[in-house]
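Presented below is the structure to which this report refers.
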């Protein structure tokens, strides 16, 4: 009888990527098949996030539910991974002794061995170490699930912003070798992936080793990925302003596959608050990056992250943030009320902004950006938008749905052969959370750029072992 695996994932796109790799890995080593129903599972994994307030309590609340399942199924293996696991380590078992495995973001590749140890009679396994990039060397070949895919190109962060736990939970910056990244993307392209989103906590700090002991910059990697035939849309998440160099901006000038949409976190528009956050840039420097980008891509739209109510933030500081929002004209944001993360420098600062004031500032900020986003959507009425078709529409199964470069959902009447391809759509209706349009051009009529086929990339890359790690042939 086939054994089942249930993974519950909280947090960022990196966690989503990690969870997909856990599923592929355990399917290849143990034959575990994913299930959405925890009660069916033989292995339960909780992939955690420590960014938001009360993250630890959320974990123990979920584990309490799973404890009841283990009472009725003694052989059930329960594992906790992700950033809370990295932060709390063995302490998790102090409060939840029924947890069998505790692993960090950098040790998920050791899950098969950990499960074997538990099933072999070991009471628990805890491994929250930071073995650099080793995890990517032990993962199975990627499996495409639709026309879009995430590919992790680096781990960790060296910036040590005063409010952030990432350097402590995911370690410092380590980049994957460029050939490994290209090999994974070429494999995905062979399976029909058309859009790739490059992932990293500070993705534009990428410095990947090359086959000849050189270093590939992030700008160079973007061009290499865009040159793979079939990859006709390229994104990346998340970047830091101090690493957003002119060579990256130049890629926007000459690489049409790179979308006209950028998520570039700023957190605050006040230089005083940015200094307390240890962001190491000013609001003016941030705006300078946006000006340069719009000089080469006038249509580019920008999203960002904001924290309101940071310790010491005054009404004037918040007003400077609102001024920045108006000047940059952000299309969307991920905005949050500040909450102290244990172990970070900001946690020792006096939290002197009232809860009521924090909520009010968040409301004002989100209303402003929502209004700006609505204006962008209305401006799309009557325009042609290139859409990557994802599948049937959730609103009407007789229609298809896809996304624009700016991640807007578009519903339209089409044919099944369009799924997984690009179509040009004339926008005829604008709604709060989606657009509607009519097909004006199919992919066959577009003349998309072909530079090198995925098989060319794969052919010049040899496998170093059976798990799909490759390097260039000289």
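Cβ atoms are placed via backbone N, Cα and C, with glycine included.
Binding of [4Fe-4S] cluster 1 is attributed by Swiss-Prot to 49, 83, and within the candidate set 12, 157 the record adds 12 to that site. Confidence in the domain 'Radical SAM core' (143-375), given as mean pLDDT, stands at 96. Each residue contributes its Cα atom, and for residue 164 ([4Fe-4S] cluster 2 binding site) and residue 49 ([4Fe-4S] cluster 1 binding site) these two points are 12 Å apart. For the [4Fe-4S] cluster 1 site, the Cβ centre of 12, 49, 83 serves as reference, and the other residues of the chain with Cβ at most 8 Å from it are 10, 11, 14, 15, 48, 50, 51, 82, 169.
Secondary structure at residue 83 ([4Fe-4S] cluster 1 binding site), taken from DSSP and collapsed to helix, strand or coil, is helix. The Cβ neighbour count for residue 83 ([4Fe-4S] cluster 1 binding site), using a 10 Å radius and every protein chain shown, is 26.
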